[in-house]
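Have a look at the structure below before the remarks.
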Ligand SMILES: CC(=O)N[C@H]1[C@@H](OP(=O)(O)OP(=O)(O)OC[C@H]2O[C@@H](n3ccc(=O)[nH]c3=O)[C@H](O)[C@@H]2O)O[C@H](CO)[C@@H](O)[C@@H]1O
Ligand SMILES: C=C(OP(=O)(O)O)C(=O)O
């Protein structure tokens, strides 16, 4: 089992390059099978979830050619099967996009129920409501979602909750349905816009992505394209908070600063300087962490503060002066890092969906478990700012969504190593002691 071992206390300095957005790339890879022509996708993050989805696409017959670790060519004309299931695909969330993609193209799909981080109950009722409204029969049995339609028809759908997954999934199916679909109360996240742009580059007719009403006129066929995925706002934000927690000064490159506005605003509230450039942001943190100031944050759909940044922000607030609150309004089980952080000296009380955080002077190193992807990243940040050695177990979760996190942090001056044995762990400890 691999672990991160971190010797805290080094302010991050220098430049870091951000990769492609995992949550955009996953949907785009699924959508790529909707044409029989070859699609080239660049700026993919080289992370576990992407590789799992590519394998699943290959297993149903699509040709996947790896140009390099960030670029693939996909040809969906060889697909012979619409049943998607293996032990890995069951663990990722974005498998659900294959329902929309296969249903749109072949009018039938059978896909294992999605997994993903255990951050709440995460139903897919809105996805199903959308497919049914387009005329599909949808059943869930034996751990599979089965959807079939003689013909998919455009429809008018109101999403009762703002859902990224349902918005994108319905948009994909509707791209090849008969007639016009209107999605109301749609999610506005940058990756929704990126998937719409990708589909449009294949000949789809989607308007309004990025607003809360998306209009799609179905087309009969989609065609080849070459596309580059947008930068990952969550990876970028994670580095920005890591700079804040360590009293650092970093330039985060290859980002779209507009996508980072909520994160930047919160960093300014806690006392950091944030400088926006064309495709980069610089974060300059106050030198001693306790010079950070308390604040309040509530997670909300975009353009609100992202739930995927909530644990990382909480770690920063844990070493800020005064009492802060973090309200999680999207997922009911996203405070699983609190017990771990408490073992590092944090003072956090959770009441319902609110974490009340009393700032402490510093964290102290401990052995902690990554309970999920972003909580794991948050514990790495805590380790970077802590006194002493922190060992983060279960980094499998972190690698679902971060490419080379340890290498990128080391390039910023952090003392962090990925180890896979007790011997390697002891060697690192000896080296840094
Ligand atoms: C692979 C991927 O892109 N994952 C992201 C996606 O997850 P995911 O697509 O699962 O999240 P949604 O935006 O759909 O969920 C938002 C809220 O709607 C609820 N809901 C959703 C669908 C549904 O059919 N019924 C329902 O009740 C969810 O339980 C949640 O409370 O968006 C989340 C919110 O930005 C992010 O945290 C995840 O990183
Ligand atoms: C929750 C996340 O991913 P998933 O939806 O794939 O579990 C995330 O990216 O933070």
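Using the three backbone atoms N, Cα and C, a Cβ is placed for every residue, glycine included.
Fair warning: this is a prediction, and the values are worked out from it, not measured in the lab.
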In TrEMBL, UDP-N-acetyl-alpha-D-glucosamine binding by 93, 122, 123, 124, 125, 126, 161, 162, 163, 164, 308 extends, among 74, 79, 319, 330, to 330
By Cα geometry, the one of the binding-site residues (125, 161, 163, 308) nearest residue 23 (phosphoenolpyruvate binding site) is 308
Looking at the binding-site residues 125, 308, the one with the fewest other Cβ atoms inside 10 Å is 125
Record-listed UDP-N-acetyl-alpha-D-glucosamine binders 93, 122, 123, 124, 125, 126, 161, 162, 163, 164, 308, 330 have a maximum CA to CA distance, in Å, of 21
Closest by Cα to residue 22 (phosphoenolpyruvate binding site), out of the binding-site residues 161, 163, 308, is 308
Taken over the domain 'Enolpyruvate transferase' (7-409), the predicted model's pLDDT averages 97
